[in-house]
Amino acid sequence: MTEEHRLISAESVTEGHPDKVCDQISDAILDDLLAQDSSSHVAVETSAATGVFLVFGEVTSEGYCDVQSKVRETLRNIGYTSSEVGLDADSCGVVVAITEQSAEINQGVARLTDDQETAASREERYEAQGAGDQGVMFGYATDETPTLMPLPIYLAHRLAFRLTEVRKSGEVPHLRPDGKTQVTIEYDDDDKPVRLDTVLISTQHDPEVTQDWLAVELKKHVIDPVLDEVLGSKVPHDNYRQLVNPTGSFILGGPAADAGLTGRKIIVDTYGGAAHHGGGAFSGKDPSKVDRSAAYATRWVAKNIVAAGLAHKVEIQIAYAIGVADPVSVNVETFGTEQGVTRGQIAAAVRKVFDLRPAAIIDELDLKRPIYLKTAAYGHFGRTDVEFPWEKTDKVEELKAAIAAE
C-alpha cells in the first residue's frame, strides 16, 4: 500500500445481535400501532439482559399493541426459540413501562383532525406541523456502488444478511442468531476503492463446531458468493485477509452474553462512518420525529443529487427547532466532486425542488405506514432486498431543470 492510499473499514451486525434485537422489537411495536392508526405518535425503547426485556417510552395512538406478544413474536422470527441458544422467546421475561406522550411536546406536533385536514390547504397543514424535536441530521450518497452507498458498509451489510440467510435456511448448519461482520477496503489517492484488504466474520454457533470447519463453510457459502456479487471484477479481492471468530469459540451470544439497547448501532444503521451523524437513533420512533424522517429525507436528497450526475458524492446536513416546520438550516457538501456545477447551484436547486418541512417529508415519502421493522437490521439505506421510499431517485430531472434554469 502506497503512502497516499488509505484503509477504510465498516461493520454490520446480524438481526440476532442484542442491540439489533432491541431495535427490531421497538420497530415491530411501531409498525403494529401505525397499522391500526397511521397518526400514532410513538417513541418506544427496548433494553435486553439475560432472559428479560424492558420496553418503555411514550405512545399516543388510537391503536393497541400487545407488547408482550409482539416481543415474543419478534424473538421467534429472529431465531431465539430455545434456552440452548441463549434465549427462549416463550419463557423470557417482558416488562412494559409505556406512558402517553408529553402534552408539551404534543402541542408542537399535534395531530390534525379529519375536520382540520379537510378544511386546511396542504400548505397550511405543512406549516401547522412543527418538528418533533430540535436536532441535526445528515444524509449521504456516493457513486462508488450501484446503490450509491459507501462500499465498506454496503459489503458488510451484504455479508451479515447472507450470514443470516444461510443460518435460517440450514445451508450452513450449527449457526446461532448473533453475529457481526466487518470489512476493510483500500482506497487510492483519488478516493476510489482499489482492493479488498480484510473480511471479518464473528458468528455464534453450536458447541460441536470446530473453527476450521466454520471458516471453510463461511468462505464457501457466505464470503465468496457475496464478494462475487458485490465486487465482481471491479475491485480486486483475490488476496485478502479472512478472519472468522478470531477469539475462538462463540457459543454464548445474544442478550445472554451482552446487554442490548435500542439505538446503539447508529453508525451501522447509516453509512458506516463515511458520513457525519447527528446522534439521533431511528428505531421505535414514528415519522413525526425528525431524527428519523429527516435522516431519511436527507438520504433521498443526497441520492438524487448523485443520481443526477451533479456530484460524485454529497453530504446533506439539516437542522430543526422543536415545534417549527421550516428547517433552521440546510447545508450541501460535495467535497469538491461537483460535476459542471457549483456547490451553490446544487444547494439552490435543493431548496427549489425539495420541501423539507416534516409534514411534507411524511407525505412525499409516505412514511405513515408500517414499513419500519425491515429497516431495523442490515441498514436503513442502500438495501437491495426491500424497497424503501427514501431510496427512490424521482427528483433527478427536477434537479437538472432547476440547475438549467439558474
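Heads up, the Cβ atoms here are built off N, Cα and C, so glycines get one too.
What Swiss-Prot annotates here:
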BINDING   H17, D178, G179, K180, D258, R264, K265, A281, K285  ATP binding site
BINDING   D19  Mg(2+) binding site
BINDING   E45  K(+) binding site
BINDING   E58, Q101, D258, K289  L-methionine binding site
REGION    101-111  region 'Flexible loop'
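Shown on the structure are the features that Swiss-Prot records.
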| residue | record | DSSP class |
| --- | --- | --- |
| H17 | ATP binding site | coil |
| E45 | K(+) binding site | strand |
| E58 | L-methionine binding site | strand |
| Q101 | L-methionine binding site | coil |
| G179 | ATP binding site | strand |
| D258 | ATP binding site | coil |
| K265 | ATP binding site | coil |
| K285 | ATP binding site | strand |
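Comment: L-methionine site residues E58, Q101, D258, K289; largest CA to CA distance 30 Å, whole number. Note: the Cα of K265 (ATP binding site) and the Cα of D19 (Mg(2+) binding site) are spaced 7 Å from each other. When the binding-site residues D19, E45, E58, K289 are compared by Cα distance to D258 (ATP binding site), the shortest distance belongs to D19.
For K285 (ATP binding site), the same-chain residues 6+ apart in sequence whose C-beta sits under 8 angstroms from its C-beta are L30, V42, A43, D291, R292. Farthest C-alpha pair in the ATP-binding residues H17, D178, G179, K180, D258, R264, K265, A281, K285: 25 Å apart. If you check the binding-site residues D19, E58, Q101, G179, K289 against the residue listed as 'K(+) binding site', the ones with a Cα inside 10 Å of its Cα are E58.
The closest partner of D19 (Mg(2+) binding site) among the binding-site residues, by CA position, is G179; the full candidate set was E58, Q101, G179, K289. In this structure the alpha carbons, written CA, of H17 (ATP binding site) and E58 (L-methionine binding site) are 25 Å apart. Neighbour list (K289 (L-methionine binding site), Cβ cut-off 8 Å, at least 6 residues apart, same chain): A43, G132, D133, G280.
K265 (ATP binding site): 25 other CB atoms within 10 A of its CB, across all protein chains.
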